[in-house]
Structures are given as C-alpha cells and as structure tokens.
Amino acid sequence: MMLDNSEGYVTDDGRKIGAVVMEMKNITLRFGGVVAIKDISFDIREGEIRAIIGPNGAGKSSMLNVISGFYVPQEGEVWFHGAKRPQMRPFEVAQQGIARTFQNIALFEGMSVLDNVMTGRLSFMKTNILQQALWKGKAEAEENENREAVEKIIDFLEIQHIRKTPVSRLPYGLKKRVELARALAAEPKLLLLDEPMAGMNVEEKEDMSRFILDVNDEFGTTIALIEHDMGVVMDLSDRVVVMDYGRKIGDGTPDEVRNNQEVIDAYLGVSHD
Amino acid sequence: MFYREAGDFKTSYTDDSQTFPIKFDRYRYYVVLAVGFGIIPFIINDYWANALLLPFLIYAIAAIGLNILVGYCGQVSLGTGGFMAVGAYACYKLMTAFPDVSMFVHVFLAGGVTAIVGVLFGLPSLRIKGFYLAVATLAAQFFLVWLFNRVPWFYNYSASGQINAPERDVFGIIITGPNAPAWATYLFCLIFLAFCAIIARNLTRGTTGRSWMAIRDMDIAAEIIGVNPLKAKLTAFAVSSFFVGIAGALFFAVYLGAVEVGEVFGIQKSFLVLFMVIIGGLGSIFGSFAGAAFLVLLPVVLKVVGVDVLGWPTDIVAHLQLVIVGALIIMFLILEPHGLAQLWRVTKEKLRLWPFPH
C-alpha cells in the first residue's frame, strides 16, 4: 500500500482512495462524570471503508453519534469536507449528506417499506406544504422522480417483493436491509453503519457484506462501520480504528491492527490452541 | 370474487400512488361521491340533516383533523373542543364584522385563525411528549373556553354571553340561521368535508405525511434521518387545527346556530372526537369517517330502537344509551385496538382471496 497523506492511496485490490472527507480532531465526550470518548482523532478518506472496533462500552456507538450530530462533544472539532462543522442539529447533519443505520433497528414500524425508504430522500424534497396539499403538479412530479430513485435502490438491495409490506411484518434480516436502503436513498457522501451484521446468520452476513462492498464499489460511497465480527471487519475494511474505554489504542490497516499488541490485549485476544 | 387486484397493472408511479389503487375501490368512491353530491340533496329533509347528516359531516372533518395530529404525527391532544371553539368564535367575529363576504371565506379564515392558535399551543410539543403533552393541550382546552366566556369582545357584548349566527348566504342561498334549507346546509358542509379529506389524503401520502409518521414511530431516528422535528410537529398542529377550526365554525354557524361555549365546546367534545378517532382507527382517513359515523349514528339508532320500536320511556333509553355506547367503546378497544379501519382492511384482505381461506 502506498500512503500519501494529501492525495490518498491505492489499496491492494486497486481501488483508489481519495482525500480526507471527515476528520475528527481531539474529540472528548463526557456524560456527567463518565468519559465516553477521550481525546480521539482520526480521519475518513473518500471512497474508503473505515471500521471502528473495540470491546463493549468502548465508545464506538458514541463516536458514530458524534459524527451524526446526535451527541455534542465537550471538546474537539469535527471537520467535514475541509471545513470545521459548526454545532448543528442531527437533521441538518443528515442534509449535509451523512446517513446512518442503527444498532437496534430504528425503522418506522407503522409505515411500508417503500415509505420508509422514501423518508430517506427527505433532503431532496423541495415542494412546500401547499403544493403537496394540491398534489397534482409539482408535488406529484417530485414524488415520481424520487420514487424512481428509490426503486433503483430497492432493486439494488433485492427487496422488490416486500415494497408494500408494513415493516413491522418483516423478519430481522430483511429489516436490516430495509434500513440500509433507507440510508442509501439519501445518496450519502458518508454512510455510517452501526453493527450492520449483528444477530445475523452466516448467509445473511455474506449477503450484507456483498451489499456493503457493492455500495462502495458502485456508488463510490464512503463508509464507516462498527462491527464485532472480526472476519468481516478484516475482510471489508481498508483501515481500522480500535477503541477501548474511550481511548484510541490502534489505527491502521487490518494487518497492522491485527498485529498490534495493545489491540490483542484489549480486544482480539489470542487463540488457545 | 369481483374484488380483485389481479390484472389491474400499473405502468406508472402516478397510477401506483393514487388514492384508490384497486379499481373496485375507485368505482365505489365515485359512486359515493355521486350519491353524496347528486342524490342526497334532493331527498334530504330537516330531520335527516339535523339528526344525522350535518353532525356526521362536521364531526368527520374534526376527526380527520385530530387524526392527523394523533394518528399520523403521534402527538396526543385533548384540546379539540377548545380549538373548535376558536373556529366558532373566529367565524362569528368575521360574520358580524364583514356581513357581505361569502360564508366560504369566513369558514376558511376561521380555520386559518385556529391553525395559528393551534401552532401556539403546539409549541410545548417540541419539549414534551405523551401524557405530558396531553395535559398541556388540556390546559389549552380550559384556557380557551375560559377566555371566550370571560372576554365580552368575543361575543360582541351580548347580554346572554352566547353567540348567535346571523343569516348569511353563499351566492344568494341562505346557509346559516333558521331559514336555511336543509339541502343547502348539507351541501355546504359536504363541500368542506370533501375538501378536507382530499387535502388530508394528499398530505399524508406525500413528504409531509411521511415526516409526520416518522416522528410518530420513532422521533429520535426520524431526526437523524433528516426530519426537522420542529417543522413536522408544527405543521401537524397547524393542519390539524385548520380542519378542527373549520369543523368548529360549521358546528356553530351551520349546525347549531347558537352556542354557549362551555356547554358545546367543553372537554366532552374533546373526548368525543378523540373516541371517534380511536374507534375509527388511528392513522386512517377512512377511520375518521367510520368513527364519526359510528358515534353519530349509534345514539340515534338506539333511540329509534328503544323509544319507537320497543316503546320504552325516553329517559330510560337515554341512560341506556350511555351505558351501551360506553360498553361498546371498551369492547372495541379490547377486540380491535386499531379500530374500524383495521376491521375494514381485514375484510378487504379476506374478500380478495374469497372464496378461498388462504
């Protein structure tokens, strides 16, 4: 791997990784006396699959919540596309092009799959409430336009058959896929995945892994993911951040991380055979 | 057998997202419209209009309004009676201040005024939810009724403290007051109901409706997905209050003609409309119609059966009526918490497969 800090690098399998898209600078997040994240800095490059790993309670999900604007860190700065991000509400972060999925599926249970995915396209909806009340004209045109984009994602993730099904009726694995569809519908610049494979069997994990790789490959989406399945993490990701008790204890390619003694002690462990 | 979607192919997204995607539903809708606008006005009389049709039409508007807030956006409100009173008093002030302006304009403006008041009382929803919000809207209910009782300007300093609808017309046809013909009042309310139902449907199938439902189903996730909670909640309050205000204005001006605010728009009214929404089905426009029809029809049917058919004394029937309506509400909540709309949905699914069980 050639590493060039300003321009990016080329991975072993020949994918070009671009410049830094998002940079976290000295983030510290406290809840009262509990320090969830302690002075962590790392960056995410364009087109990259970046993993965040670590034992339970290490602060991984908190980190994702900081990126998506749900938590406001006490110290540190978030830089997005070369500019320091001012403090903003989560929906404004979403409109900037950061979409995410959740550890415990957070779909809108009362709505159909189609409506859920359409909700992901909110930032493309420009008509006002009067135009929507009329429906005919602008609102309908906009609806159809976005429906077309959503149908492409539905095709891509192979969920055509459950389009009109209420989400509450779906099995777990499909719900995860619908959640990914909803995030993709936003055409994000940065996609955050919080344990996309938690609770899945091997076959579902394989499917999900392929979808993640395809998303990265076809749309060029930058992805940051949290995952506990080390096989998946090491295979998918270009670079890995390792956290433990709110600190960063490792950062680098999967190989570098795998051989980092501190990471082995805190998280990976050694095999007993 | 004939209720089928097989062979009814959609070739455009417009076709797919229309209000009644199944042909049979669509034709039934046209038939209902034709009967409502073309046949009933010719056969209507005063009894039918005052006992059944007007209250049904007006309550249906109020129920659609409340359903947008409670059923679609998940914000519980107990202030419906108060907001109806705002519509009624706004309409009264407009009617007396501008006697020459068409009633259509007055009722619309009354809805608009109520929307503004609704947004004001919706502001607490940004910080509190669930029961606590319900209590905050309850405060709105009591405050508004108190306000209209205590400030003489609202009832034009009349000695009785009541408001009386003066005679007003639309295109020369009298709509309010004792001389209004039944068919005219009926059509006037029906036009507003059709208008409100179509607007509600258009909003709920589009972007705004999805934002509302997202807030209802999981507000934190909705915000992270990109829903602006402030905008979603306040538009829900505005649209909901707009409809409820129209219902209040019609209830006062067209249906009752004279209103004493504490009696007509008290907390009972809030609960009645809320029951309609719950029994009809939360988050369903059809449910609002069904709930309103159910709670308007039921007392009339019970009275006809008790007094006219069985010949019981009126007071006993009146008491029994309360018992039976109460029992039915409880039964409904236990057996079908999703209301009449869900029953209807299940029936349709069964019909689609009929005569086969699966």
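Positions of Cβ are set from backbone N, Cα and C atoms, glycine also.
Here TrEMBL flags B:27-44, B:50-69, B:76-95, B:101-123, B:130-148, B:183-200, B:236-259, B:271-296, B:316-335 as transmembrane segment.
Tertiary proximity for the transmembrane segment (B:236-259) is limited to same-chain residues at least six positions away from its ends with a CB under 8 Å from its CB atoms, namely 50, 54-55, 57-59, 61-62, 64-66, 68-69, 72-73, 75, 77, 80, 83-88, 90-92, 95, 103, 106-108, 110-119, 121-122, 125, 162-165, 168, 175-178, 180, 185, 188-189, 192, 196, 199-200, 203, 212, 215, 265, 273. For the transmembrane segment (B:76-95), the most Cβ-contacting stretch among B:101-123, B:271-296, B:316-335 is B:101-123 (pairs under 8 Å).
Spatially, the transmembrane segment (B:271-296) is not adjacent to the transmembrane segment (B:27-44); fewer than three Cβ-Cβ distances between them are under 8 Å for residues at least 6 apart in sequence.
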